[in-house]
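What TrEMBL says about this protein:
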- B:32-537: domain 'Cytochrome oxidase subunit I profile' (DOMAIN)
- B:560-580: region 'Disordered' (REGION)
- B:44-67: transmembrane segment (TRANSMEM)
- B:87-112: transmembrane segment (TRANSMEM)
- B:132-149: transmembrane segment (TRANSMEM)
- B:169-197: transmembrane segment (TRANSMEM)
- B:209-237: transmembrane segment (TRANSMEM)
- B:257-280: transmembrane segment (TRANSMEM)
- B:292-313: transmembrane segment (TRANSMEM)
- B:325-350: transmembrane segment (TRANSMEM)
- B:362-382: transmembrane segment (TRANSMEM)
- B:402-422: transmembrane segment (TRANSMEM)
- B:434-454: transmembrane segment (TRANSMEM)
- B:474-499: transmembrane segment (TRANSMEM)
Amino acid sequence: MFPAIESLAMTFPTLLADKNADFWFPIQGSSFAEEVDWVYDLILYISLAFFVPMMVFMVWCLFKYIKARGTKAESQLSHHTTLELTWSIGPSVLLVWMFVQGSISFLDMRSPPEGSYDIGLQAFKWGWTMDYGNGTFHPELHIVKDEPTKLSMRSTDVIHSVFIPAFRVKKDVVPGRYNYMWFQPTIASEQISDEQLAKLKKQNEGTAWDYDKVHTIETEDGEKEVQVTPEGYTFFDLYCAEYCGTNHSEMQTVVVVHETQADLDAWIKANSSRGEVSMEEWGELLYGRRGCSGCHSVDGSKLVGPSFKDVYGSQHGLTTGENQLVDENYVRESILAPKAKVVAGYQPVMPSYKGQLSDDDIASIIAYLKSISANASSQPAAAEAEPEAESAE
Amino acid sequence: MSNATLPAGARDPGYPTERENYLTNSSGILSWVFTLDHKRIGMMYLIGVVSAFAIGGLLALAIRLHLLKPDGLLFTGAEGNNIYNQVFTLHGAIMVFLFIIPSIPAALGNFLVPVMLGAKDVGFPRLNLSSFYLWVFGALFFVSALFSSGLDTGWTFYTPYSTTTDTSVILATLGAFILGFSSIFTGLNFIVTINTMRPPGMTWFKMPLFLWATYATSIIQVLATPVLGITLLLLIAERTMHIGIFDPEFNGDPVTYQHFFWFYSHPAVYIMILPAFGIISELISVHSHKHIFGYRFIAYSSIAIALLGFLVWGHHMFTAGMSSLTTIVFSALTFTVSVPSAIKVFNWLATMYKGSISLTTPMCYAISFIFLFTIGGLTGLFLGTLATDLHLHDTYFVVAHFHYVMVGGTLIAFLGGVFHWWPKMVGKLYNETHGRIASLLVFLGFNGTFLPQFVLGSRGMPRRYATYDPEFAFLHQLSTFGALLLGVGLLYAFIVLMVSLAKGRRAPANPWGGVTLEWQCTSPPPYYNFERPPVVGDPYDFHNLEWDAENERYVMTEPERKLVPESTPDEVPAHAGGQK
C-alpha cells in the first residue's frame, strides 16, 4: 500500500548500523555485555511501565476535562495523603532494585581475576599504543577469546577514555596515574582469506587503509559485507570517549580477538621486529602504526605537527628563532625528546617515544623520511650543508 | 469599561493608566539604564537571555548541520575539527552560563517574585541592578573570548586540557566567574525578599509554589556558586603559575578538578530545573482551574531536591577511577534525588484530573514539559545505574538525556512561563492559535532532534565528535532534521510574541483565571505593583473566581467572610518575629 514506507521499514535496521547489532545495542562481544544489556532492559521496561500509563492518563485528562472557559472544575481536592505516600514509596522500591542490580554488575566489572592477560595501554593526543611486552608496540588491541584481559592504562598528556561499545566497558585514562580495566571477549574476529585481502589491497592501492570502509567480499554463501584491518581481521571499534582536543573524534582504534593464544603469539611475533622487510618499508609501517600519521602528514598539508614531506634535509625555524637542519640527529632527538627543539608555529604537544622505539625502529623511520624527501639526496652529510633560506612551516 | 455582566461583589483592578504603568511611568533610555524597578530589570534580563539563547541556538544548528555527513559538512579543511570543537564549546558555555542558569530566576523571577509575594520590590534593588550589569559584563568576556582565540575546552573546562590548550580559557573562566557573582546576588536578593518582605497573611504555606521553587533555587545559588568561583580562580592560577593542583605535570591531580567542578555544577543543574518546576506548578493549576494537588509535597520536594542535589556530584565521574565504594555511594545517593522529582510529576497529573482544562498556549507547553521531563528523568535512571552508566557515559545518550531535562524541561517551562505571563508583562494578548501551532512545532522538532540520540548513544556513539563512523549517519541525519524543525518552531514562537506587541489586544488583569497575587494587579503592573496591600489567601483557591464573558477575563468576587475565633494567625510571618 505504501511501498516507500514499507521499503524504509525493511531497510531501517541496516541503515542504523552494522548488521550484527540490534536496534539498541552493538553486538555483544564480551562476557559483560549480556549482563549490562539485561540491566538496561530492566530499567527500560520499568520506565515504560511508568511512562506509558502516565502519558495515557494525561492525554485522557486532556480529552475528558477540556472545558469551555469559565467552567468551574469538577473537584477542588487539594491533597490525599495515602495516595501521595503510595506513589512516593512504591517507586522507591523499584529504584532500590535498579541500584542493586547495577551495582552487582559493576562490582564484577571492577575486579580483574587473578592471572589476567595484561596489556599496557598508552593514550596520547590522538592515538593509542598497546604494549605487548618485549618491546612490541602496536596501535591495534589484539586479545584472545575467552581470556580475561586486563589493560593497564596511562596517558601522556590529557584525560582520554577507552570505550569499547561491543564490550560495554569504558574507563578514563588519567595522566599521572594508572587506571585499570578488564573484560573477557566472547566472539573471535574472523580473518578473510589471503586472496580476498590481496584483492582488497589492490582495490585500495595508493590510499591509506580505511578501517571504516565496508568491503563486499564473496564467500561460499554469497556476498558478505565486512570491515577489516589491513591484515584482514574483522574487528570491534575502540573509541576515545573523553574530549581531548583537535582530533578527539579521530582517536579511534580497533580490537581484534584471536581464537587462540597461539594465534595471538604468532601475530605478536610477526609485529615485534622488522624481520625481512626493508628499513624504508618498516619506517612507513611505524609511521602509520605508532601515531605519527595523526599529526604529521606526508603530502605537505599542515596538521598538528610539521609535514614529513621533503622534511629531511630541509631547514626548520625553531620557536627560539634559530634555524635547525633536519638530519639524523635532529630526527632522533625529536622522537626521544620532542619538546627540546620545537618548530616555530607549532605547540610542544608531542609525547616522547623514549623506550618505545628500538634503535632499529628509529633508523627505519629516518630511512623512510629520507625516502619521501626531495632534499635528502642533495644533503649527503649534515655537517656540510649550508643553511637554506626556506624553512619548513 | 462596562461592569454590567459582572457578578455581585466582583473586584477587578481594570486597566492601568499611562502614569501607573511600570513601562511608561518614566521614559527615556536612562530611566531604564538606572532603573531600580525589579520589573524593568526582569525585562532587561529577558532581552539579554533571549539574545544569548539566539546565539547559542544558532551555534547548535551549526553543530547539527555539520553532522549531516560522517566526515562533516560545514567545518572542513585543516582547521575543521578545531572550529567544530570551538562551536560546541561555545554552544554549551553560552547556553549554560548565559541562558539556562539566569533564564527563569533572573528574567521571570525578577519580574514575578515581588509581585507574587505582594511586595513592592526586591529586598535590595541596587544589588538587583548590579547583578544585571554583572551578567552583561560576564557575557562580554565570553564574547571577547570568542573573538580572541576561541575556546575549545568544552563548557566543563576539564583539566589538564584546559590548562594546556592555547585558546582563551582565562577570558572565558573570568566571564563565568563574574556571572557567578551575578547569580549569587540574584539568589541572595530572593532569599532576603522572601524571608522579610512577605505582607501580612502571606505565610510560608500561602506562598505560590513558584516562590518555593525560587527560594530553593536561591539557596543553591548562594551556597554552590562560590565553589565554582574558587575552582575557576584555581584553574586560572594553575594555567598561569603552574601551582600544581590539577595538572599532573606539576604533581596535581586532574580528577580533583572534576570533584570541585561538579560540586557546583551538579547543584547548578537544579538551579536550572527547580524554577521550571515552579512554573509548571503554576501553569497546570491555573489552566486546569483547580487547586494544585499535594501542595506541601511539592513544596517540600523542592527543598529536598535542593539539599540532595549537593550530594550526588560524583555520578559524573563513575568512569574516572574513583574507588568502588565511593562510586556505589554516589550511585545510591543519585537514586534518592529522583524520588522528589517523580512526586512532582504525579502531583501535576493529579491536578489535571477532574479539572477544567483550557488548552491555552502556556498549557500546551506545560503538557509538553510533563512528557519531555518524564523522559528526561527516566533516562537519568540508566545513567545513575552503575553497570549501564559505564556503557552510556560520554555518549550521545548523555547528550539526549540532559537536553531532555535542560531543553525539554527548562526551556519549555521558560517558554510556557513567558507565554503565561506575557499579557501581565507587556499588557498585550497574543494570537492563541499561532501560539499553539508554534508550541506543537517546538515539541515535534525537539523530539525529532533528541529521541534518535538515545539510540545513537546506546549503540556507542561518543559525544563531542566532529566526525563519526558511517554506520551512525542515518540517526544523525534524523536528529539534524529535527533540529531544523525545532529552530523553525522557536522562531515562530518569537514572531507570535513580537506581533502581539504591535497588534495584540489589550490584556485584562486576569486573562487566564489565576488566583496568585500577580493577577490582582493591572496588566502591566503599576510601578509599585499594588495600589493597596493585596488580600492574601490560598494561592490555589479557585472558588471565588468568576468568568466575565463580555470582557473575556476572570474577576475575583469577594470571599466569603468567616468569623475567626482568635486574631492570631496559625503561622506568624518571619518579619513579625516568628513567635506565636
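For all residues, glycine too, the Cβ spot is worked out from N, Cα and C.
Predicted automatically and left uncurated, TrEMBL annotations should be read as such.
If you look at the transmembrane segment (B:362-382), the same-chain residues 6 or more away from its ends with a CB under 8 A from one of its CBs are 276, 280, 283-284, 287-288, 335, 338, 341-342, 345, 348-349, 388-389, 392, 397, 400-402, 404-405, 408-409, 412-413, 415-417, 419-420, 435-436, 439-440, 442-443, 446-447, 454, 512. Of the candidate ranges B:87-112, B:325-350, B:402-422, B:474-499, B:402-422 contributes the most Cβ pairs within a distance under 8 Å of the transmembrane segment (B:257-280). A contact between the transmembrane segment (B:44-67) and the transmembrane segment (B:292-313) is absent, since fewer than 3 of their C-beta pairs, 6 or more residues apart, lie under 8 Å. Over the domain 'Cytochrome oxidase subunit I profile' (B:32-537) the predicted model carries a mean pLDDT of 92. Long-range contacts of the transmembrane segment (B:402-422) within its own chain (CB-CB distance under 8 A, at least 6 residues past either end) are made by residues 46, 53, 95, 100, 103-104, 108, 111-112, 269, 272-273, 275-277, 279-280, 282-283, 286, 360-362, 364-366, 368-369, 372-373, 375-377, 379-380, 428, 430, 435, 439, 442, 446, 449-450, 453, 493, 497, 500, 512, 518. Stretch with the most C-beta contacts under 8 angstroms to the transmembrane segment (B:474-499), considering only B:132-149, B:209-237, B:434-454: B:434-454.
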